[in-house]
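J.: First the structure, which I've put down as structure tokens, then a few questions once you've had a look.
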Amino acid sequence: MKYLLIALGGGTGSLARYLLGTAITSRVGARFPIGTMVVNVSGCFAIGLAMTLLTERLQPHPYWRLALVVGFLGGYTTFSSFEWETYAAVREGGFWIGLANVLGSVTLGYAAVWFGALLARR
């Protein structure tokens with residue numbers, strides 16, 4: 001059952017990302033990736049809201065976290081997971097771990113995109 005919930009959530013999140021991102025880009029233009037930014041930032045808000053509610057206030061069945069966070073937000077954006085993990089590290093006193101996560105993820109992520117594009121062009 002948990003795999004089905006993750007898959008359904010992931011498919012729904014991916015579709016939501018595509019629909020929202022393309023709707024914004026079609027209205028604003030593609031010069032700056034505002035559609036992706038809106039998706040990523042809204043995903044960050046959603047994971048902050050969802051994880052806090054699910055772990056501190058509501059404490060529902062663990063399947064809710066799988067469907068909403070791992071599934072939907074995982075399909076919607078992985079950026080939200082990255083930001084939550086950074087937030088959690090800083091909140092628990094690991095400022096330098098959080099900073100290293102931000103700098104490392106952005107730097108390595110950019111380098112990976114650059115390298116992948118380089119390989120694809122060969």
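Note that Cβ sites are derived from N, Cα and C of the backbone, with glycine treated the same way.
Under the heading transmembrane segment, Swiss-Prot lists 4-24, 34-54, 66-86, 95-115, citing sequence analysis as support. Taken from Swiss-Prot, the feature Na(+) binding site applies to G74, T77, supported by sequence analysis.
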J.: Looking only at Cβ atoms, how many others are within 10 Å of the one on T77 (Na(+) binding site)?
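T.: There are 25 of them.
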J.: Check the DSSP secondary structure of T77 (Na(+) binding site), expressed as helix, strand or coil.
T.: coil
J.: For the transmembrane segment (95-115), give me same-chain residues lying six or more residues beyond its boundaries with a C-beta closer than 8 angstroms to one of its C-beta atoms, as numbers and ranges.
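T.: Counting only partners 6 or more residues beyond its ends, the transmembrane segment (95-115) has Cβ contacts under 8 Å with 82, 85-87, 89.
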J.: Using Cβ atoms only, which residues of the same chain lie under 8 Å from G74 (Na(+) binding site) while being at least 6 residues apart in sequence?
T.: I6, G9, G10, G13, S81
